[in-house]
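Note sheet for the following structure.
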Amino acid sequence: MTGTPGAVATRDGEAPERSPPCSPSYDLTGKVMLLGDTGVGKTCFLIQFKDGAFLSGTFIATVGIDFRNKVVTVDGVRVKLQIWDTAGQERFRSVTHAYYRDAQALLLLYDITNKSSFDNIRAWLTEIHEYAQRDVVIMLLGNKADMSSERVIRSEDGETLAREYGVPFLETSAKTGMNVELAFLAIAKELKYRAGHQADEPSFQIRDYVESQKKRSSCCSFM
């Protein structure tokens, strides 16, 4: 016996009822790219956020492009973050450029124990301004903050550079999870606000939000 696709079979000649379509498990989608020199911890950063785990041991560089999805809820809105992990090596840079145009947000990482990765941030920002959307969300992240004994880049240096380019700044640790979730939640809140805020909804500034959360975290650490 054949029937209408998507219909529910009934008895006694009753008209079949269509099954309700499956509702998506998210309300909006945002494409986020992780950028920065090879070895700054982009892959570990992504896995810490996605799975709450840290990849220790042998370092394996990302080849080309990889991505993972995760849905986060901000202010009652489910935001699906499609997070692209990019290779930092120069030979893959042309591949990375092709993905800039569709990105709504970019997380730019450097390693606080590696001066060259910090010095190269300006070059990365030049590429971003050349290839990415004009209104793309950018956040600067000083990763490997758990390795304080090997630090060569002061937190103040990261703050100063971020202010120069008008972007929010966080120090993070893919190993301990420090500020990893905050970085993605801040991005999700910004994307949600841009997608269509209500007239009576207060304006959202991602830099102000990040700063307020940093101060809140600092206060809690002394309690």
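Every residue gets a Cβ built from N, Cα and C, even glycine.
In this structure, Thr38 (GTP binding site) belongs to neither helix nor strand by DSSP; it is coil. The GTP binding site annotation in Swiss-Prot covers 38-44, Thr62, Gly88, 143-144, 146-147, 173-175.
The N-acetylthreonine annotation in Swiss-Prot covers Thr2.
Feature annotation from Swiss-Prot assigns cysteine methyl ester to Cys220.
If you look up Swiss-Prot, you'll see 52-67 marked as motif 'Switch 1', on the strength of similarity to another entry.
Residues annotated as motif 'Switch 2' in Swiss-Prot: 85-102.
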Three states by DSSP: which one describes Cys44 (GTP binding site)?
helix
10 Å Cβ neighbour count around Val40 (GTP binding site)?
27
Mean of the pLDDT scores, which run from 0 to 100, over the motif 'Switch 1' (52-67):
68
Fewest other CB within 10 angstroms, which one of the binding-site residues Cys44, Met147, Ala174?
Met147
